[in-house]
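Below is one structure, written out as structure tokens, with a few remarks after it.
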Amino acid sequence: MIKRPRWQYVLLIALALLALATLLVPCMVRTESELRIRAGQQGLSLPDGFYVYQRLDQRGIRIKSITPEGDGLVIRLDSPEQQLLAREALQNILPPGYIIALSESPVPTHWVREFARAPLNLG
């Protein structure tokens, strides 16, 4: 049997860990496409979420959720392409004075959600 130097084993393990990290990091750091709508002028009220949902659905844009957040609406979409189509459609649908911003938020992975939901048992 051939005896190899230790540095070769260390290098092999380091390369394997690097390859594993390269494969796992994109799975852990996913983002979700969002649109944020808020009134840019005084006196404008937020559009109704159901109205926005219907108008985007008529144009074939798939929506994950619409939620009020702070002083605006947050629309979560399936993909960045859907995000751009929705922004363009909303600029045509809504009257002037609304600010429609593109954003992305991190999506927690399944194990992170389970860990955050698990109760802390002490003693």
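Backbone N, Cα and C atoms are what each Cβ position is placed from, and that goes for glycine too.
Database features (Swiss-Prot):
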| type | residues | note |
| --- | --- | --- |
| TOPO_DOM | 1-8 | topological domain 'Cytoplasmic' |
| TOPO_DOM | 30-123 | topological domain 'Periplasmic' |
| TRANSMEM | 9-29 | transmembrane segment |
**Request:** Go ahead and report the DSSP secondary structure tallies for the topological domain 'Cytoplasmic' (1-8): helix first, then strand, then coil.
**Result:** 3 helix, 0 strand, 5 coil
**Prompt:** Where else in the chain does the topological domain 'Cytoplasmic' (1-8) make close Cβ contacts, counting only residues six or more beyond its ends and a cut-off under 8 Å?
**Reply:** none
